[in-house]
Amino acid sequence: MKKELIFLLFLYLVDQSLSFTYSNDKSFDILTFKSLKNIAVNKITAMSSQTVYNKPNGFKCSAANQSCEITLPKNAYSEIYQIVYDNSTANPNESKLVLLNPVINAVSKPSTINGSITLTGYYLKPTDGTISASYEVNGQTTQENSIQVISPNQITFSVIEGSGDIYGEIFLELNFDKEFHSTYQNPTVKTVTTNENQLIIDGMDFGNKKEYIQVKLDGVNVDAEDILSSTHTEIVLKNNQKVSKKISLDINVNTISMLAAYQFSNIPILDSVNSVSSKGGVVSIQGGYLNCLKEDGTTASSVQVLIGGLECLNPKNPIAQNYSLLVCDIGPDPNKGDNLPIIVTIDSISSTSKLTFSYGLPIIRSYKDNSDGKLIILGESLGSTATSVVVLNNVTLSNPVVSDTFDQLTIDLPANSQNGKLYVLVNNKKKSNILDIELVPIVKSISKPPTEGGLITIQGSFLRLHDFNGNLLNASLPISNSTCAEFIEDSQATGTWLQCKAPAGSGISKVVLQIGSKSSVPSNFSYISPSILYSNQSISNGLLTGTNFGLSSNLIQVVFNGVLLPNSSVIKLENNQITFNIPPLEKSGNVSVLVDGLPSNEIQLNIVPQIGLFSAPPTKGGDLTIFGAFFYSDNGSDFQVQVGSVKCANARPDGELLRSIICTIPEGSGGGHPVTLTINSVVVENPNNVLFSYLLPTVLEAYASPGFDIKKGGQVTIKGHSFHPKGCSVFIGVQECTSPVVIDYEEIRCNLPPSSMVVNGKQNVTVTADGLVSQNLESNLVQFEYPSSPNNDDGEARRKRLRWLVPAIVVPCFVGIVTIAVVTVILVKKHHNAKMSGHPKAFKG
């Protein structure tokens, strides 16, 4: 096979020396051979498949024998074709490898797991057996070399599990490739089953990734977090359905939707029922989807309750939007006995439960709890203190207090009681209906967290995070604009404490703990008060470092020397440090803060004069302003300023806020000069070691002097500010303008040498003075524009160069082409002679 492939490559590389070419561009099933000479063709043979085309029926040629066409069979593939010419010709036959462009007409859809793709079309069988595929699924590229060639018209190969679109290519022979596109199978649903917590969808082709699944119920998208799990054959949803109804289900897997929506129904669920006295009364049915209102919460549902064939009248939900409880009024006992079947029909959907009803049992209608840990049960026939017990989550609670009218029962609950199911048992025989109860959490105290947030402990009763069935209950403790997170339950399940991570915050507030749907009474909550550890001065600002400063500078107030500073004086809060503006005339004293109303300790803040920054006078000299703070002085104060080795004369305070000092500095240049300021011979602190620099050179204008010639150079004039002869340099673009002369610090004249090339355009101007690089005024780029220059001489020079350059390129190229042609003819003749003489190394078609 390797030798055959080498020979096929050889034929492909030298086919330019043959007397014909081919194409199938006219139509995918028409192969056209075009003769490069006027030679008659007698026969065309596909060598591997031994398909022979004879004139006149096998193929037809043009009158001038310049092209011949054959109609390819459906099972054709790339192979060597032999052209047999008229016997009188010098070359009786020639062979050529014909590579047919593969055609793909159809692509199958694989299953999302253990799937395969079948490509159907034409010319899909390779000559040398080399075929592979590459495809991309969800951004993952897979190379597939195990491809089954079913026929020249069909190939198949396995694909990885996935979902959505499949984009790929097949590769045949000498890098011939063909793109294809398909998708995985459309998802299908077989069955839908529901319970109180989950909606389970069984089907096929749901893919291998939950994040690619979109589910719609009645055209509304199911939230991603409500898709609990998924496999290729099952999707489990959180059951958020509240009412009995018919539901349309649609699934989209990575943009691939079901072919048709699936219809199913929520059926009323009957879990338990109470009993009433023989005279009749209110029947309470516990279960699910027992809605007397439609899903919109306002439109009445059609509800019918039949008990032993007797209609229970006036069905309703006693608790708004709680469709787990349905009550109705039943008449006197019809003497049909006990265990009467119950059928609830809501909007034409009937229950299938085998729940039955009997008269004469205790009835629980409702309950209420209060902050002292007692539960009050309201109902009918609740027995007596001696005969009744309450069963909460399979725990029997004795010695209840029952009213004389038997319609109210009060019981003390243990602190570790959980949300769950409750019923009353009378005389250890008659069992009431089972009622789902939720207990109000009782909060007695809450610990204080730091302002950056942290773990807090809540103490009280009924502080449980799971109901009796183990279901997690949502707990929340809103604090300011956030909430406590990551609740932790008492590991001993005493129900007396919870812990959670309080958010960052500050101040005092009232908070309410909610567990499930029940909320505690408001409780006091406070963050730890702020504490200042140490203080510093930074120029005009005070720096207070400590703990529990909160999150926002807007909630911080500074008290300095007994005066509450305005809120605007606080500049920032960062890394447990408060930065505030010290009033300009203040002196050392005590400082404290209020963080969201909580006061801190007091601490001493010492204030001294400090330097902050300097103005930048021009190089010709002028006023230098030293900015800082607390430059205390009186009429006899002595101010001295030294800039490097130069004295800045006539130093004096500027303004009444003690923020700046002005002095007169002589001409100079450069930057990085140290500055020493003394007040009454005392050196003023420079805490940031700020250095002085003259104003950067500023370029305003640049132009050529009269007579400037780009070929010869000339003088350039630059105008601006803050120029200086020390270390002066000028660059126009990358070209240095030499011998710069500075005039009055505001003008430079320099000589621009001849340019090495014509620059009919603008170039940036850069001036450097003693290491300081120029800046452009108001960010407008100042450029020097070269005067235009004629270029006729350049055109004539280019024409002279072309007279010898063109022959120098063309002659060597022509010689190379002739040499390649001669070598190719020799190789072809050697191959032909070897084949005709039966040489063992010759390729046989």
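Positions of Cβ are set from backbone N, Cα and C atoms, glycine also.
The domain 'IPT/TIG' annotation in TrEMBL covers 268-359, 544-602, 615-694, 710-786. According to TrEMBL, the signal peptide annotation covers 1-19. Residues or ranges marked as transmembrane segment in TrEMBL: 804-828.
Most Cβ pairs within less than 8 Å of the domain 'IPT/TIG' (710-786), among stretches 268-359, 544-602, 615-694, belong to 615-694. Under DSSP, the residues of the domain 'IPT/TIG' (710-786) split into helix, strand and coil as follows: 3 helix, 43 strand, 31 coil.
Per-class residue totals from DSSP over the domain 'IPT/TIG' (615-694), listed helix then strand then coil: 0 helix, 38 strand, 42 coil. Counting residues of the domain 'IPT/TIG' (268-359) by DSSP class, helix then strand then coil, yields 0 helix, 44 strand, 48 coil.
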